[in-house]
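Taken straight from Swiss-Prot:
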ACT_SITE  CYS139  active site, nucleophile
BINDING   CYS67, CYS70, CYS116, CYS119  Zn(2+) binding site
DOMAIN    28-150  domain 'MsrB'
Amino acid sequence: MHKKSSTLIRKREISDVTKESKVVLKSDQQWREQLSEQEYHVCREQGTEPPFSGKLLHNKDSGEYACTCCHAPLFSSVNKYDSGCGWPSFDAPINETAVLYLDDFSHGMKRVEIRCARCDSHLGHVFPDGPKTTGERFCVNSVSLIFNKIETNE
């Protein structure tokens, strides 16, 4: 279970990520030029795509889900499952340093927001109602992900 939800811990994690990998820092204008309007709204303004509308919701191919903004690996198809919530769901990130956790008190709720550790892009939220494997449900906007299919010899 994650316990990484305070701003102080998040700042420390960003510092740790900086030491281990290249953090992507861009101006607001650069993000606007790179991303579509919907990608910008979700990834940079913490928006949410409508449920059951995402292109990756029903994807069952084997591969890796990466950040739309910086292409950092975030989730594996091995961890994807159908939670019925209307957004792609995973029981864990691809590794412990792929995502950041941040308390989110918006809309009168207490949730835990997840962001890309490399570029600080909004991905979605994590909830403690996932499958028995981890008990967590990483609920992610499709628009915040790109899918890299693993080619098989089948």
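Each Cβ is built from the backbone N, Cα and C atoms, and glycine gets one as well.
Positions of Swiss-Prot features highlighted on the structure.
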residue	record	Cβ contacts under 8 Å, 6 or more apart
CYS67	Zn(2+) binding site	LEU74, CYS116, ARG118, CYS119, SER121, LEU123, SER144, LEU145, ILE146
CYS70	Zn(2+) binding site	VAL24, CYS116, ARG118, CYS119, SER121
CYS139	active site, nucleophile	SER83, CYS85, TRP87, PRO88, SER89, GLY124, HIS125, VAL126, PHE127
Listed binding-site residues (CYS116, CYS119), ranked by Cβ neighbours within 10 Å, top entry:
CYS116
Over the domain 'MsrB' (28-150) the mean pLDDT stands at 97
What is the set of residues, excluding CYS67, CYS70, CYS116, CYS119, whose C-beta falls within 8 angstroms of the centroid of the C-beta atoms at the Zn(2+) site?
VAL24, THR68, CYS69, HIS71, ALA72, LEU74, ALA117, ARG118, ASP120, SER121
Under a three-state reduction of DSSP output, how is CYS116 (Zn(2+) binding site) classified: helix, strand, or coil?
strand
From the DSSP assignment alone, can you count helix, strand and coil residues within the domain 'MsrB' (28-150)?
25 helix, 40 strand, 58 coil
